[in-house]
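What TrEMBL records for 2-217 is domain 'Glutamine amidotransferase type-2'. For 2, the entry in TrEMBL reads active site, nucleophile. Sequence annotations record features per position, and here TrEMBL assigns domain 'SIS' to 286-425, 457-599. As annotated by TrEMBL, active site, for Fru-6P isomerization activity applies to 604.
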Ligand code: F6R
């Protein structure tokens, strides 16, 4: 996700102090490395967050303008050399960037041929070099920046500066948010309004394809084709904390609202849709070894464990590999039988969960190939596994994992294509899954757009002391996930259960005040789910159903309430079904007066056993 902040003003010489204070309010966007540049004082970069940067920046870090960055790594480890700002070879152009430049390898190759030397592994570094190259010909910073931006493919939010015109900063947006702050004799660029608000409430939100120039006196905006465009000025009345949450009441809600973008980021550059293939760069090195793998053991905790359970269905059905899913906390206390033909696949948002990490270490000790699906680049699990796939979901602040869970399921689907195509999955099938994956962001958005109806449902049921969640096949783990989210955020009894297991115990709990959430997607087990719902209704239990839009309506006649989600293929339905369940748990908790971002007794990263 990364945080960008840039300043130009004619008020004094403390750009350094202004930039450091601004970065602090962006820390929720990324914190694995940080950096700052002013033309007068040069650049300072460090692994770690703003506190680390502050220690390194001298008191007298003068400047009337400058750019700064907090990184959430995507390309390259979170080291000093990969931290932003990045500069051109001649040290004249400096850039901070949020996003992913997809064609950076081609561009880098072309620049290397022209003699450019790169110091980092970051995709961003190619941009100042490209501008430098264009500046040789155009002799005009704005024209050179525009020409360079026109060569990029991918997503970016950018701020850049040229030592030759230190007052002038250029910002650009394609997919990653950029906002300008319009002050009196000073102007700002940032990833969101939070660092701008202490200085001015007047902001301009750039749109995709916009390139803006700011100076202390004013701003101008062009499109990538150089045509002028004007964007409305907005007066922001959020406080800094509201700004960090993008105007949402809680990080959890903001993170759920980011899900469509997160799925796009997770998929970006990884689907070769017309060939029905998945390209997972992090697995390239072990691709040959993976062909010989006979068994996968997924290790994870909590919500990530439930993602693993969905992954088990996906990988067994579509890649034909035997999969077992183990709780990280149990794995090493058994005597797991592993060998070189076993892959131990850890799933972890933080990459620091100790039980998952110890399971990876146990796998290593016993000679297994270790893999990770991890969100936090450079985290311990990411470092200690032999290979892996990053989620690119951005930092998750809400303690309950939401957008990272959805992203984990998307990576597992990509892995099913990747391994499936190694083992006989047809091109046709690969193409079908790829097509459905690409359609997910819009479908998730359509569910999020109906969030007020889920809120109304949470209000209706908020008096309930218990909740049962049932599902079958791919959706059984989603029933577990729905129950976990509700209990951890609202402190009521909630239980997830395979619908077929109900008759072996849980149905005894059902009466007229014990509601059930039934996941009744139109899939291979739909008829069986209808029977289970009948059994609950026969005992007067109220039922809320999650059903498929445009499919059978029998479920509607059976239950008290229905939430419809768009149709997709069976293996991807859990991704869509998780969204209303997360929303429900969020609104239920809020309705009870709790803070869904900080459930009691829980921590975001569980680093003790
Ligand atoms: C529940 C939740 C947790 C985490 C679990 C693993 O909403 O978020 O159950 O999923 O603590 O954390 P990571 O994924 O960081 O290993």
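For all residues, glycine too, the Cβ spot is worked out from N, Cα and C.
Counting every protein chain shown, the Cβ of residue 604 (active site, for Fru-6P isomerization activity) has 16 other Cβ atoms within 10 Å. Counting only the Cα atoms, the space from residue 2 (active site, nucleophile) to residue 604 (active site, for Fru-6P isomerization activity) is about 19 angstrom. Across the domain 'SIS' (286-425), DSSP helix (H, G, I), strand (E, B) and coil residues number 65 helix, 28 strand, 47 coil.
Residue density at residue 2 (active site, nucleophile): 25 other Cβ atoms are found within 10 A of its Cβ, drawing on all protein chains shown.
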